[in-house]
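In Swiss-Prot this protein carries:
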{"type": "ACT_SITE", "residues": "48", "note": "active site"}
{"type": "ACT_SITE", "residues": "94", "note": "active site, proton acceptor"}
{"type": "BINDING", "residues": "51, 90, 499, 536", "note": "ATP binding site"}
{"type": "BINDING", "residues": "92, 537", "note": "Mg(2+) 1 binding site"}
{"type": "BINDING", "residues": "93, 94, 95, 96, 115, 239, 311, 312, 313, 539", "note": "substrate binding site"}
{"type": "BINDING", "residues": "116, 267", "note": "Mg(2+) 2 binding site"}
């Protein structure tokens with residue numbers, strides 16, 4: 001083997017490898033790698049595949065719990081729902097591909113996350129997505145939104161999996177680097193959970209699914225780099241998906257897993273054949289010999305480098321029980337899919353690649369998949385300058401706006417991040433499979449029926465990214481708390497988390513400070529709320545290079561996907577008022593809380609950003625003890641049948657939450673603010689903070705409800721008013737009975753429904 005370099009410095013750099021990493025590769029191999037081997041290391045040592053900058057931080061996440069069956073390290077996490085039911089779930093990002101080719105980038109993001117689910121032996125039952133875009137007034141943003149939403153809709157609708165929920169936010173920081181995070185859930189259909197560790201020396205290795213082409217070349221390395229003008233034309237790095245092939249692949253895989261002939265399975269996602277062979281071999285402590293001449297192709301003249309790095313979609317790798325490969329091949333051929341023996345499990349712990357009868361690459365499996373670089377960076381002790389400057393702002397510097405409270409409420413409802421997302425979710429089929437009980441826009445979380453039982457599951461994705469930007473630690477806590485609160489608002493007990501960490505470069509002090517502190521906040525909140533992390537995704541280098549050559553990172557955006565269990569589907573509520581005469585209560589921090597209390601703040605609020613054009617101040621601190629108690633009271637009230645509706649207070653504070661419940665229920669509300677409230681009406685109506693939920697309760701339940709609330713939440717519940725009738729108005733009066741807001745449902749509706757169609761139709 002060669003002792004002189006077989007590749008150029010330019011080729012090393014093009015693979016995303018640093019000089020010291022190349023030196024380490026040479027040391028590990030005892031020789032210089034050839035071009036194919038360099039490509040294998042390039043993708044497997046990318047941040048996207050090996051988490052070299054984040055793995056040490058992820059170790060602080062709690063990963064075990066009484067319901068956790070599979071934690072981090074497999075294709076998806078799995079939790080026990082009781083009665084023999086098991087739920088697989090996972091979130092993944094497809095940010096960089098979606099920036100380049102929005103339709104295919106988003107579509108293949110959906111396809112990839114679905115494969116993670118059914119590779120475990122679970123049938124996909126639901127999809128959610130968390131999307132971030134730039135300023136909606138910009139033509140480029142409009143093009144991205146249309147492409148991404150169409151791609152998600154196309155793939156999910158064609159494959160027959162409902163898209164049941166998600167979130168969409170707009171901020172200029174995402175202009176050049178949108179975020180497309182897709183989450184999927186599935187119910188286990190196989191007796192045993194299908195794992196990915198190869199075993200059984202001599203067992204055949206099967207390639208199943210679609211053919212291999214040059215699409216998606218080096219996608220994992222591409223996903224670990226900053227976006228530049230050059231990379232924006234890098235379309236070969238974007239995969240092309242076929243949802244109809246994926247649908248056949250789902251059915252064929254689930255049928256194959258039922259036979260017991262599959263020893264291990266791995267989907268070919270990022271890094272394609274390289275990742276699937278090296279991960280399966282490394283996890284099993286064995287090796288895999290792969291013959292590229294047997295791989296089904298869709299393009300001629302492909303060389304080993306292209307075979308190994310292709311990210312063509314809808315492909316899987318199996319290890320089969322020896323002698324049973326024909327049985328599996330028959331199943332896949334019956335579904336119209338490729339199925340070929342392309343290799344075997346070997347005792348030497350290597351990935352050995354054959355091409356035209358010769359060894360084209362030979363690399364220790366653990367060097368690619370387990371013993372990858374790990375960077376321990378020093379986290380700055382002092383917050384960066386932008387945070388220190390933001391913390392100097394105080395509410396005393398803020399003049400009361402000249403506009404009326406009603407005008408400001410309507411303005412906030414018309415901001416794209418708060419406005420109705422019906423334009424988005426009406427393109428998704430959220431009813432296919434006929435198990436969706438709470439539709440997008442109707443509740444704080446999606447609810448899916450578990451057929452044959454009285455149970456349901458709820459799911460949500462959340463991240464207050466402006467909070468995380470201003471205070472990553474509190475923002476990380478807030479992301480977990482809001483996800484759990486949203487589940488609690490439909491009556492679900494939060495079970496577990498899958499996280500998607502979208503950040504800028506960890507190689508800058510600011511970037512690493514944001515990442516490290518957000519992880520600390522996420523970990524603390526997950527422990528406090530008893531929602532272990534079962535896996536997830538890290539997407540770093542979400543930056544665009546501006547015209548001056550300077551990287552412009554996104555807001556740090558750790559999206560929390562959370563699942564919950566509903567014991568009785570008869571006890572599920574939405575966010576809209578249900579009946580005239582129902583009393584309206586605020587759970588959590590009372591409106592008499594002084595603005596000096598750090599748990600309530602205009603800092604980092606939607607009001608401050610949209611009305612005053614300021615991103616400043618300290619976001620609200622999360623009181624995890626109060627959060628637990630408020631959520632538990634809300635869940636119990638729903639389970640007892642006392643609560644008719646529940647909605648958490650998030651962007652826009654009290655006034656926006658009241659308006660959203662009016663809009664969802666198409667009923668008005670009469671609100672009388674209690675005595676002793678703070679004097680600033682803007683803070684009273686629009687300040688934000690955790691652990692706050694609006695609930696409505698029918699008259700016949702109010703005595704029992706109030707007794708329970710007082711016992712469990714003394715001084716942390718407030719009766720605010722009453723639901724006042726269909727198609728009426730939202731009336732909010734101050735404590736001295738002077739009217740603050742009088743807005744009809746029609747006015748609210750017009751402001752809230754118009755923004756997205758205005759820019760996107």
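Backbone N, Cα and C define each Cβ position, glycine as well.
Predicted, not measured: the structure shown is a model, and the values here were computed from it.
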The rounded CA-CA distance in Å from residue 537 (Mg(2+) 1 binding site) to residue 51 (ATP binding site) is 9
Three-state secondary structure of residue 93 (substrate binding site) from DSSP? strand
Identify, in sequence order, the residues in the chain of residue 313 (substrate binding site) that are 6 or more apart from it along the sequence and have a CB within less than 8 Å of its CB; answer 'none' if there are none. 108, 111, 112, 210, 215, 216, 239, 240, 241, 242, 245, 246
51, 115, 267, 311, 499, 536 screened against residue 92 (Mg(2+) 1 binding site), Cα within 10 Å - retained binding-site residues: 499, 536
Distance, residue 536 (ATP binding site) to residue 311 (substrate binding site) (CA atoms, angstrom): 20
Most Cβ neighbours within 10 Å: which of the recorded positions 90, 94 is it? 94
Which residues, in sequence order, are found in the same chain with Cβ within 8 Å of the centroid defined by the Cβ atoms of 51, 90, 499, 536 at the ATP site, excluding those residues themselves? 58, 72, 91, 92, 498, 500, 501, 533, 535, 537, 538
When you measure from the Cβ of residue 115 (substrate binding site), which residues in the chain that are at least 6 apart have a Cβ under 8 Å away? 75, 246, 249, 267, 269, 314, 316
With neighbours defined as other CB atoms within 10 A, the best-packed of the binding-site residues 92, 116, 267, 311, 499 is 311
